[in-house]
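Swiss-Prot has this to say about the protein:
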- 1-17: signal peptide (SIGNAL)
- 18-531: topological domain 'Extracellular' (TOPO_DOM)
- Asn21: N-linked glycosylation site (CARBOHYD)
- Asn38: N-linked glycosylation site (CARBOHYD)
- Asn62: N-linked glycosylation site (CARBOHYD)
- Cys68-Cys295: disulfide bond (DISULFID)
- Cys80-Cys92: disulfide bond (DISULFID)
- Cys113-Cys155: disulfide bond (DISULFID)
- Asn182: N-linked glycosylation site (CARBOHYD)
- Asn242: N-linked glycosylation site (CARBOHYD)
- Cys299-Cys323: disulfide bond (DISULFID)
- Asn314: N-linked glycosylation site (CARBOHYD)
- Cys491-Cys495: disulfide bond (DISULFID)
- Asn501: N-linked glycosylation site (CARBOHYD)
- 532-552: transmembrane segment (TRANSMEM)
- 553-568: topological domain 'Cytoplasmic' (TOPO_DOM)
- Cys557: S-palmitoyl cysteine (LIPID)
- Cys564: S-palmitoyl cysteine (LIPID)
- Cys567: S-palmitoyl cysteine (LIPID)
Amino acid sequence: MIALILVALALSHTAYSQITNGTTGNPIICLGHHAVENGTSVKTLTDNHVEVVSAKELVETNHTDELCPSPLKLVDGQDCHLINGALGSPGCDRLQDTTWDVFIERPTAVDTCYPFDVPDYQSLRSILASSGSLEFIAEQFTWNGVKVDGSSSACLRGGRNSFFSRLNWLTKATNGNYGPINVTKENTGSYVRLYLWGVHHPSSDNEQTDLYKVATGRVTVSTRSDQISIVPNIGSRPRVRNQSGRISIYWTLVNPGDSIIFNSIGNLIAPRGHYKISKSTKSTVLKSDKRIGSCTSPCLTDKGSIQSDKPFQNVSRIAIGNCPKYVKQGSLMLATGMRNIPGKQAKGLFGAIAGFIENGWQGLIDGWYGFRHQNAEGTGTAADLKSTQAAIDQINGKLNRLIEKTNEKYHQIEKEFEQVEGRIQDLEKYVEDTKIDLWSYNAELLVALENQHTIDVTDSEMNKLFERVRRQLRENAEDQGNGCFEIFHQCDNNCIESIRNGTYDHNIYRDEAINNRIKINPVTLTMGYKDIILWISFSMSCFVFVALILGFVLWACQNGNIRCQICI
């Protein structure tokens, strides 16, 4: 009986010794990956919170509180809207013949001439803005039968009655007659011409006849492809700058070789020339109250300038220049490192070193993947640069491709409509909101997809490194199941280095490894069986010990050495 107990205890001790790897004294080499104490959470396709070693923020949320005049050329409209500058309102003369990449309109700009409206305000504003200049070409028009150069007290220039400098107010001649007018201008140039003209709407019938003689005027403007005919709307309106009449501003584009014809029997506000329209520029207009500074930035918003190489921004949906795309999310983290598994306080079972299956290694600063070994010369840690570089190349390539996909010039201007176009404005806003919603969703999905692939790639590189080492060692070592190998031959630091760099020759150590295996344990046990044997041997020891005690008690009772008395 005592012999059986001793056998069980010996078996238990043998299993314990093999698990701790401390009694055999064999060298151990473990494969691991970098870990940090506090990782970064990213989203993947399957999980909203995956902790990785490192990640890059893709959404820019910072901006400067000023507009940078370089490399984009800015023109400050100050008190003038762009259309006021094109019409030649008093106070806007400084804008004549200016050029720009971005025309800055101020919310404080005001009209300073006869009250007017533009039925197609947004289109005219867009055409003028995209042309990049107010290059005006004066032309000689012959307006027979009328008086030219009309003026108004609502349009003071230098303290005197004046009018829009780019328009000519035609009224009845000194003989009391008005026209009729029939004037043709041919575009003999090589560029598109923009003509601005208008129709005056008097406040009363008396004003109508005083200015134009006829009770009902009419203006017709024609090109080969278009014709518009306007009859004035006579009637009183709320006074603006002491005027109850209004002027409606219209515009006509005339292509090279085409002609424009003006016909009128009254109420025509005639052009004095045309604007040269260039379709090759990508200029625009921006409404902002931010001052123009002396900084440099390729991206402007209504809230200031953005200086960032990130593919997305959450500063403003109104962005001009080489800008990140606007998304609704305040943060999109792109994984640039592997899954983070912080190291435990005790490395491995009973304090032994452990590999990547059990935990990551903090302090592996010169690489993502590496080796940790323990042999007769001590312990050491070294990075595996090849697998690290392979993972870094894939992730950097992924990051560059993502930036390329979203690095195209993003250009979103603020649309402005007249009140009568409210439904169009609502539709435009709905379309823009829908586009932003779709792009924001696509951006989040794209980043989640890339994160999923990044984590899969880094896990794959770890497995590739493990398989490479396993194929090198073959039967010379045993896989312990936690990312470590127990080597069954003497392996100094040079030997360890050969395993790391892939020059290890298992044939050199094969015989020594086989002999050591036989000495340590004739039967090779896997890590799972070692655990089972440990518990079985422990249980057998306990069972035999209890059986021995019971047997002794029964033997003593039979011989009268022990007497049991039960009291009730």
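Placed from the backbone N, Cα and C atoms, the Cβ positions cover glycine too.
The closest partner of Asn38 (N-linked glycosylation site) among the recorded positions, by CA position, is Asn314; the full candidate set was Cys155, Asn242, Cys299, Asn314, Cys323.
Of the candidate recorded positions, Cys113, Cys155, Asn314, Cys323, Cys557, the one lying closest to Cys68 (disulfide bond) when CA atoms are compared is Cys323.
For the recorded site, Asn62 (N-linked glycosylation site), the DSSP three-state label reads coil. For Cys299 (disulfide bond), the nearest neighbour among the recorded positions Asn62, Cys92, Cys491, Cys495, judged by Cα separation, is Asn62. For Cys557 (S-palmitoyl cysteine), the nearest of the recorded positions by C-alpha distance turns out to be Cys323; the candidates were Cys80, Asn182, Asn242, Cys323. The recorded positions shown are Cys80, Cys113, Asn242, Asn314, Cys323; of these, the one with its CA atom nearest the CA of Cys295 (disulfide bond) is Cys323.
Asn62 (N-linked glycosylation site) has its Cα within 10 Å of the Cα of these recorded positions: Asn314, taken from Cys92, Cys155, Asn182, Asn242, Asn314, Cys495. Long-range neighbours of Asn182 (N-linked glycosylation site) (same chain, six or more residues apart, CB within less than 8 Å of its CB): Ile261, Phe262, Asn263.
Looking only at the topological domain 'Cytoplasmic' (553-568), the predicted model's pLDDT averages out at 66. Separation of the C-alpha atoms of Asn242 (N-linked glycosylation site) and Cys155 (disulfide bond): 11 Å, rounded to the nearest whole number.
Taking the C-alpha atom of Cys323 (disulfide bond) as reference, the shortest distance to any of the recorded positions Cys80, Cys92, Asn501 belongs to Cys80.
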